[in-house]
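The feature transmembrane segment is assigned by TrEMBL to 20-39, 60-85, 105-131, 152-173, 193-213, 293-318, 338-368, 388-409, 429-455.
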Amino acid sequence: METEDVTVREQLFHNRVRETIICVLLFICLYILSHFILTHFKKNAEFVTDDIEDATVNKIALWLCTFTLSVAVCAVLLLPISILSNEVLLTFPHSYYMQWLNGSLIRGLWNLVFLFSNLSLVFLMPFAYFFTESEGFAGSKKGIMARVYETAVMLLLLSLLVLGIVWVASALLHLNTARESLYDLWEYYLPHLYSGISLFGVLLLLLCTPFGLSRMFSITGSLLVKPRLLENLEETMNCTVFEEASLSRKLKSNTSCWISANTESINNEFLSVQSKRIALELRKRASPWQRNLGYPVAMLLLLALTAVSVLMVCFHVLELLFDESAMPRGMEDPHLGLASFSMFGSLGAAVQVVIILYLMVSSVVGFYSSPLFTGLLPCAQDTTLTQIIGNCVSLLILSSALPVFSRTLGITRFDLLGDFGRYNWLGSFHIVFLYNMLFAGLTSACLINTVTWALQRELIRAFGLHRLPLTVSRSTIPLKLLLANGLSKIH
């Protein structure tokens, strides 16, 4: 009996050591990746200065930002890793080399990501910001520790302010419960704070993702060579070269009697024509496959992913009306390797992973395309440390809300693990149902608007109507004129 107990204890010890090693190795890889990303965007002048103290403070803040960004990337990978692990165990149920991939490891990853994401959001990032802005208390000796003391005091005051706001909000919603649990910080106020932060992140995803899905078409189109219907590339190239040469002669023959405004307008027109010529040269050098196949395939792929996402959300809306198990909920044990989380098996699970990552990329694109957050858009080698902190906080909010976002929309049936499934608002049918309806409606509206405008723009360009004067409203051009112009070009 003692031998069996020792064997069980040894097995539990080895399992815990193995899981710890795997988590540490995964985090080290993500930390190195995050370090390269932030190094690419950071402003080097802030880290190479004559003031050694400021440079040290900035390096410490950058380390905290790197840690936060690695946690954000790990939060994005939570659901894909969990879904793929389940499919791998279903494919190789008796493989000795896959036994380390179990529910305990996945549950541990979820708990660690929840802990580190809230630690970074509540303490590390505010500490990094106050640390870079601090100078030490007046009259105290200057140095790193003086800045640390001032940052600690500011962080304590901020924590008291946030907890006071949470207590007031809880008292307004649940008066008796708030009075009884005035000093119950760990079991009452922190879960409410985490629930509010997650709700804010999910609402931010609701606003950014549909806009990002529509922006993905234009961004992908700007990166690829677009095919032009009914266009003679050689003729357009020659006309552009002649126009550029004419504007160049006008600039060279500029006399002192010309006003500067006229010269500036000609210069702007010359730069516009020059950029047009460069784009045409790129299209001319592109292979026929790139000109005629790459762009349509990419657009069809984006359209298919967006349409599948909307259909999955619509199907989930119907499930919410007839099946209570469709509501997002938490679970303690994921029970990996028993059944697939998709009705279409491994193929459906792969589609779920692709859609989850696609929605995350679209949400980031929509976030940085929004007028409110355009100022946070990082620039290579020219992003200040304050901007880096803002970007890390924003990405952490979006990524930590991604598992809840995906499960709430029914993209996957993998239930939330650990504290991710304990948010108060997840049990409200009206919130979940309204959230699904809003996402489906906003995404469909953005998609229809993007596709119709893109189709109209391409038809106008193909038929040469983009050369019309601006006083003519192109929206009032009848369809007969479009068809007649197109037939005349064909003949």
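Yeah, the Cβs are placed from backbone N, Cα and C, and that goes for glycine too.
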For the transmembrane segment (293-318), distant same-chain residues with Cβ under 8 A (at least six beyond the ends): 213, 216-217, 220-221, 224-227, 326, 351, 354-355, 358-359, 409-411, 433, 436-437, 439-440, 443-444, 447, 451
Folded-back contacts onto the transmembrane segment (338-368), same chain, C-beta under 8 angstroms, at least six residues removed: 76, 79-80, 83-84, 86-87, 90-91, 204-205, 207-213, 215-216, 219, 305, 308-309, 312, 374, 376-377, 394-395, 398-399, 402, 405-406, 411-414
Sequence-remote partners of the transmembrane segment (388-409) [C-beta within less than 8 Å, at least six residues beyond its ends]: 38, 41-42, 61-62, 65, 68-69, 71-73, 75-76, 78-79, 113-114, 117, 120-121, 125, 128-129, 132, 197-198, 200-202, 204-206, 208-209, 312-313, 316, 328, 356, 359-360, 363-364, 367, 373, 376, 378, 415-416, 420, 423, 426, 432, 435-436, 439
Chain residues outside the transmembrane segment (20-39) and at least six past its termini with a C-beta under 8 angstroms from it: 62, 65-67, 69-70, 73-74, 100, 105, 108-109, 112, 388
Ranked first among 60-85, 105-131, 429-455 for CB pairs under 8 angstroms with the transmembrane segment (193-213): 429-455
Chain residues in Cβ proximity to the transmembrane segment (429-455) (below 8 Å; excluding those fewer than six residues from its ends, i.e. six or more beyond): 202, 206, 209-211, 213-214, 217-218, 221, 303, 306-307, 309-310, 313-314, 316-317, 320, 327-328, 408-410
